[in-house]
């Protein structure tokens, strides 16, 4: 191989990456020799080893990235050469090459380096951390006696807090008898106690001295400083204490209690680790009678409402830490998630709960847990490496005093969620989360045994935290209810011992502070104290607080939960909305009454309605109704436009939905209003991107999932309810659907009166006449009509004012006389110039006065602008309806289909004569109606001769269908009916009576046996499955029924009816052609049964029974419309099926 060696001149230099230079041991300015090699072989395999265990762990986390990007960073290598690989998280990996194939060598004939290619196999050897050995356990209560003299016996024990074991006897310490036996020491012994400095204390001391810690950290077990401390008797520079030992079996193994005075003098903290050894000093020993209190007391009160949360969290942490300290030295790392996450809104009491939790576990004799608390919100601006070091120090601190809790408050500020619009912040959050997971994930060798993490967060944490199962349980702190708020108020008032609060009605104040957090209650009590102090500033009596003081403190106060929430306010009330009396009544029942009469509704065992859907024609007042809710129902109101929720980034739309529901939950009682609801919650499966599908799923979870809705009402508005996913319209979600229909004459009159109540309307304006003329006008159209009329009156008033002002102007300005007084005489030219200036000043002043007077008169006339009938009629001519007739008919079909509760595919939606392809003189039709639901038809039993009545539900459905399809101008116009054929069965006659109600048909009504149901004979009352069991090959369309009717007999009956109906139609058309007056338009109504209808339709169309009958479905209580194409009796056809 040819090579060339060149020595660089002084002015020549070579630039390389600082990290690579550091890996090679090069410094800036170093002299190097470079060689040029060509035709280097391609490596088959390269074996590398990470420099540190940290590099190995980072490699495991970024294996896929390294595999894809290694060749873009490293292309040449040789044995023993370092290899540096950069990672996307601003970190890097360092490796050392152990071997290559072909072998590389620095000898003259050897291969100096190999080239990496896509076919090269790179093998990484693992480099794991050293697992903690039993000798590295922090607490050593189970060690065997040392084979040493008593003077050299040295052990580590934990210092019990004075509140756990209060001792007042000076010169005495207490340990358990079993502990003395294990270390082989007698009762009458003197111990010298020396505190072991914690890693954080040593770190701070070293930092102050300005020198580095040579010992470093070893997260697999104890730090090197702790090892050194346990390998020597004690640190001469630290404080020590000599005490006599008294055994006490109430002391847990591995612990020691010292006098209270020693605690205070030495300022040793709770659960400090002490090194004990036998002291050469002799202290006279006395037999003491140990006096202990009957029970321990504590001034750490639990916040009302947190008792259950505290118990839940305590049980989990006790299980995580273990039931006894003796298990710590033998237990091995576990994959179980041991961490606890305490979440909740800002100022909801999370810190109070975690303090109570630490206090509770610190006194539990089974655990005696130490707590290491740190508010990490101040770390947000620190470097990543600094944060990592601080977390390691916390773990060492907790390990030193294990069993311990590491409490990290405001964790969500440190481990934030990723922001796709801020790459730098996302990269930092990702890196910190990786470090956090590596330190605290289940089974991590970095987290010592006996140390458990407790996190406190107000918002969501980084996604990787949940994926790694750092926290095994989450305890959520919610807003206090009325009863808890009352208890909190009483606790706060009791803390002010110098204030008389006996007359305060805390129940009343609690009922007026819905959504208030404990911090808010403290604030209003402090504000009330201020009001009370002002009222008693001249009184020498004890300060007394009254309920009125607290109520005054609520004025203008905005609770924490609402300070970052944008709430809508509105000036629109119920009195400002005309018409829609039913809709307003239902909304008041749903939203206003439960809050206004909370005590009554609380005793109601039924689940209250929490969701309403407003649907209807555009401009009919859906959004206006929602605006009135914000003012009238005394509820907080959050309005959301549909498109505001949607986001192109995956997961952001669902997060926005959760965000709005969380805001509403924080602001409860609250109404969450979604406008244009069909745009964010359409039917699932119709969106190619899947965004709205996930939004719908999130809505289902929020509205009727495990989270539930307490104190939050959902109000949605849409013009297309048929596009909304049906799952959202089921009970428990949007319980009630309210139609904001087109206003009728009465509603239009009410709307006009509401719109003009604050206007000056002339007496000649007849609002009743205007309302009758505004057919197909929506509420918005009527508003535009009135406003345009008012604008016309204003223009007329302004025009009149212009004429009046012009006529009043002076035709000629009177001459002005003026004189000049001056010590010095003026020339004529100077007098003329001064005169021109004075005249200009007078003209300007007069012009300004004239414009001011003119403006005031115009404003006066404008405010007196009166709306006349002429203005109204002119506006009516220029303001047409905003919704066209075609749009009205289309939406009417949609709404009828929606209210019937059946898929739109089954609806003909023929609700006037024009939909049947009719001319002005409609061609005769047949309305075939199956009777309503009976008990047997509901169960699928064959009902022929048995006269089963309609069920209550079946009767109700038919009764509700009547007003929609029967009436003047509707699908079935009674005045156009020429004849009605009824089955003799009572269920058919009842259906006819309920459907037509008070409407009387013009034609003849007859009962005929030809319209009765199939006679089933032996199969009467049986279900199809029961008949199949008797006759597996049974098919009614060919076999008929034994001892009943055959298909041929039923066909003959159907043909008889077809013949009679055709005769009615033929005669009507013939009479109409000849100018003979006829009853109705030839329409025929036939009320019959299920199987008969399926026979009648094929025969009417001219088909054989078996050809079409089995394929038809005729629903109970539904209407079928049959007629003729091209106005030809020889072309029978089906217009519609199963109208409901």
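Glycine residues also receive a Cβ, built from the backbone N, Cα and C atoms like all the rest.
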Q.
Between the candidate ranges 125-152, 153-180, 181-208, 209-236, where does TrEMBL place the region 'Disordered' annotation?
A. 125-152
Q) Given TrEMBL annotates 943, 944, 1013, 1014, 1015, 1016 as substrate-binding, which of 987, 1062, 1066 belongs to that site as well? A) 987
Q: Can you see whether DSSP assigns residue 1013 (substrate binding site) to helix, strand or coil?
A: coil
(Q) Take the mean position of the Cβ atoms of 943, 944, 987, 1013, 1014, 1015, 1016, the recorded substrate site. Which other residues of that chain put their Cβ within 8 Å of it? (A) 942, 945, 946, 985, 1012, 1020, 1089, 1091
**Q.** Nonlocal residues around residue 1015 (substrate binding site), in sequence order (Cβ under 8 Å, 6 or more apart)
**A.** 944, 945, 1041, 1044, 1045
Q: Give me the Cα-Cα distance between residue 987 (substrate binding site) and residue 931 (active site, tele-phosphohistidine intermediate), rounded to a whole Å.
A: 6
Q | Local backbone state of residue 987 (substrate binding site), from DSSP in three classes | A | helix
Q) Rounded to a whole angstrom, what is the largest C-alpha distance between any two of the residues 943, 944, 987, 1013, 1014, 1015, 1016 that the record assigns to substrate? A) 17
Q | For residue 931 (active site, tele-phosphohistidine intermediate), nearby residues of its own chain (Cβ under 8 Å, 6 or more apart in sequence) | A | 950, 983, 985, 987, 988, 990, 991, 1087, 1088, 1089, 1116, 1117
Q. Can you name the residues of this chain that are 6 or more positions from residue 1016 (substrate binding site) yet have a C-beta less than 8 Å from its C-beta?
A. 942, 944, 945, 1022, 1041, 1044, 1045
Q: Quick one: give me the count of other CB atoms within 10 A of the CB of residue 987 (substrate binding site).
A: 27
